[in-house]
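A short worksheet on the structure shown next.
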Amino acid sequence: MRLNLEKQPHLLKQASLLITVSGLASKILAAIYRIPYQNLVGDRGFYAYQQVYPFLAIISALSLTALPNLVASLSQKKDEVQLTAFMKLQLLVSLGLSLVFFLGHQQIAKWMGAPKLGIAIYLTSLILLTVPFISFYRGLAQADLNMGPTAISQILEQIIRVAIIMLAAICYVRFDWSIYRTATVAASGNLVASGIVLAYLAKHSSFSLRQYVKQFSFSLGDCRQLGQSSFVFILFSIYLLLFQLLDSLFVKNSLVNAGYSNQLAEISKGIFDRGQPLIQFGLIFSTALFTSYLPKLTQLYHYNQKAYQTQNQDFLAFLFYFNVTLTAGFMSILHLMNRVLFQDNKGWLALVCYLLTIILSSTIQFFHQKCFIENRVGQSLAILLIGLACKLGLTPLLTYHYGIVGSSLSTVIPLIVVFSGYILSTPMKWTFICNGKFWLTVLLMVSLITVCQAMLPFQGRLGALINLLLSTGVGFVSFWVTCRKRHVFDEKLWSFLPFKE
């Protein structure tokens, strides 16, 4: 389909807005449902689902974002040979991985320290088979700037998943299901959602995938244009999920090796997993900022290098200030959030350490995208792989010696290594860190939040909720007013806020 050149910029804006809104709605749903789920099934039940969750989340991320974007890129280049080869490559890889999970589901579950989750791993093998088809339907539509199928299917997928997950949690309470049966039924939500989404896309798509699979011949040489940049793009889209996968494989087992009973290790891992929805909430804001501003940075790089360097520097400063403030705010209200969301304040120190993931991940994303824009993907790949290797080595070691606090550090330290790698390889000015007004404003915000919390009662969850809302409001207003009245930031930094205009 050829787009009218006069309408293309307007369609591009509409498409970008649609996919951004649907993406944010989907991420909010994905973060929210785990809170009532944990409340219903408890920390041990939460552990059981979180053990299999990284597998499901990686598959979802690949079929929703990473692979469709590559398909769209190839389709826009009108390269039918490589598009066909990519479809066959996806089919071969998904079939191969599906067989691994199908035949080895019980062994994988044992490696995770949860043999009774074997059926949930088995379901993962079936979900993998839908990935090539879903990603192609979405990608081909996106190539024509038709974001409707992706946006609708994304929301539809999350609603179905969440409905089945919550139904499983209710059955746990109502019918006294085991935590493993509950987790398995919850995991089946991804399979049902994938099947329905595939049927929806097939019915409403104007494309036929038959031409991409009718020939059985395949050559890796036909995929030559995918190359290193595509691999790095896919890797980064699932990077934090790979960290979570390593946690599933090592945390519980390391706790047992350290002398924890099996049940206590599962409860402790469930408490550690409380950090996941908190991190998702924190990163939702950064994701929105990147989505809205990255296209402009990319355009500036190709057409105005001087403006690109200036805007890049300002955007880094804004991201740093924004995420330091967000992380400090989260830390100061964490004990109240823990009580309101999860009924008690267990694992506070581990969760405080884990919240550092917000500032580190968002800044790492900035440098990764900068490397991508400037065509330095090999450098980015090396740094990301070093971080992954650090995570692999540190998780069992630190968890064994320091419990779930060590588990949190085994995520934070590798991210610091990755962050340091980007800093050393990417020259940027860091003078904005020496903004004394900013640090005093953050200190004032945290102090007012602390005083407000001490003055207000927080007996029970309702009292904690009232305290949380009021102290957060006081902190936010104090920070905002001080920044505006005292000109804490350069005025141009405020322009990065999505609602500024």
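Heads up, the Cβ atoms here are built off N, Cα and C, so glycines get one too.
Please treat TrEMBL annotations as automatic predictions, because they have not gone through curation.
Copied from TrEMBL, the annotated features are:
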TRANSMEM  12-33  transmembrane segment
TRANSMEM  53-74  transmembrane segment
TRANSMEM  86-105  transmembrane segment
TRANSMEM  117-137  transmembrane segment
TRANSMEM  158-175  transmembrane segment
TRANSMEM  223-246  transmembrane segment
TRANSMEM  315-336  transmembrane segment
TRANSMEM  348-368  transmembrane segment
TRANSMEM  380-398  transmembrane segment
TRANSMEM  404-424  transmembrane segment
TRANSMEM  436-456  transmembrane segment
TRANSMEM  462-483  transmembrane segment
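Between the transmembrane segment (436-456) and the transmembrane segment (404-424), the number of CB pairs under 8 angstroms, six or more residues apart, is fewer than three, so the stretches are not in contact. Here the listed stretches are 223-246, 380-398, 462-483, and the one with the most C-beta pairs under 8 angstroms to the transmembrane segment (404-424) is 380-398. For the transmembrane segment (462-483), the list of distant contacts is 325, 329, 332-333, 336-337, 339-340, 441-442, 444-446, 448-449, 452-453, 456, 489: same-chain residues at least six beyond its ends, Cβ to Cβ under 8 Å. Of the ranges 53-74, 117-137, 223-246, 348-368, the one with the most Cβ pairs under 8 Å to the transmembrane segment (380-398) is 223-246. Scored by C-beta pairs under 8 angstroms, the transmembrane segment (53-74) has its highest count with 223-246, from the stretches 117-137, 223-246, 348-368.
Same-chain residues lying 6+ beyond the ends of the transmembrane segment (117-137) with a Cβ under 8 Å from its Cβ atoms: 48, 51-52, 55-56, 59, 62-63, 67-68, 71, 87, 90-91, 94-95, 97-102, 105-106, 108-109, 149, 153, 180, 183-184, 187-188, 190-191, 194-195, 197-198, 201-202, 205, 207, 209, 212.
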